[in-house]
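**Student:** The domain 'C2' annotation in Swiss-Prot covers 1-106 and is backed by sequence analysis. Feature annotation from Swiss-Prot assigns N-acetylmethionine to M1; the stated evidence is a large-scale study or a structure entry. According to Swiss-Prot, the feature Ca(2+) 1 binding site maps to R21, D22, D73, D75, D81, an assignment based on similarity to another entry. The Ca(2+) 2 binding site annotation in Swiss-Prot covers D22, D27, D73, K74, D75.
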Amino acid sequence: MEELVGLLRIRVKRGINLAQRDTLSSDPFVVITMGSQKLKTRVVENNCNPEWNEELTLALRHPDEPVNLIVYDKDTFTSHDKMGDAKIDIKPFLEVHKMGLQELPDGTEIKRVVPNRENCLAEASSIVSNNGKIVQNMILLLRNVECGEVEIQLEWIDIPGSRGL
């Protein structure tokens, strides 16, 4: 069995202007996958601007493994409708974490990541110091859908005794 590097906590905050998949609205939920790990939020019924505010934690063994986010519309009698997807680019976040800058004053911006073809950012994203931790807030532009964004926050959790990053 491969050794854990650490834990990646993803706070799935909210959806913004998600696509309508049912008659009047949608019943969205988020699925995050990394390798064989698959985590999901609760369903928010009848809402194209849902507030999840849920923490999903992935065990990281391979820092280069892609992290994917997919939004679905829950359907009771048929398969769930896909409402878009995004790749979460964690590389800049992990690079900053390796610098060991957790002791900076709260709110200090360490790095700014701009949208490009390699990430799904809707706007520039800041990696900042927050209560002795490094966090990154992002708004992801969903792909393969007519509209929609998802706001998330990344946070790294060290595991005592692990090899770390």
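Cβ atoms are placed via backbone N, Cα and C, with glycine included.
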**Student:** Given a separation of at least six residues and a C-beta threshold under 8 Å, show me what packs close to K74 (Ca(2+) 2 binding site) in the same chain.
**Tutor:** D27, P28, F29, V43, E45, H80
**Student:** Within 8 Å of the centroid of the Cβ atoms of D22, D27, D73, K74, D75, which other residues of that chain place their own Cβ, given that this set defines the recorded Ca(2+) 2 site?
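**Tutor:** Once D22, D27, D73, K74, D75 are set aside, the remaining close residues are R21, S26, P28, V43, Y72, T76, H80, D81.
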**Student:** Between D27, D81, which of the binding-site residues has the fewest other CB atoms within 10 angstroms in the structure shown?
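**Tutor:** Across D27, D81, these binding-site residues, the one with fewest Cβ atoms within 10 Å is D81.
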**Student:** Tell me, roughly as an integer, the mean pLDDT over the domain 'C2' (1-106).
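**Tutor:** 91, rounded to a whole number.
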**Student:** Report the residues of the chain - excluding R21, D22, D73, D75, D81 - with C-beta within 8 Å of the mean position of the site's C-beta atoms, for the recorded Ca(2+) 1 site, in sequence order.
**Tutor:** S26, D27, Y72, K74, H80, M83
**Student:** Counting only residues 6+ apart in the same chain, whose Cβ is under 8 Å from the Cβ of R21 (Ca(2+) 1 binding site)?
**Tutor:** D73, D81, M83
**Student:** Select one residue from D22, D73, D75: among these binding-site residues, choose the one with the most other Cβ atoms within 10 Å of its Cβ.
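**Tutor:** The largest 10 Å Cβ neighbour count belongs to D73.
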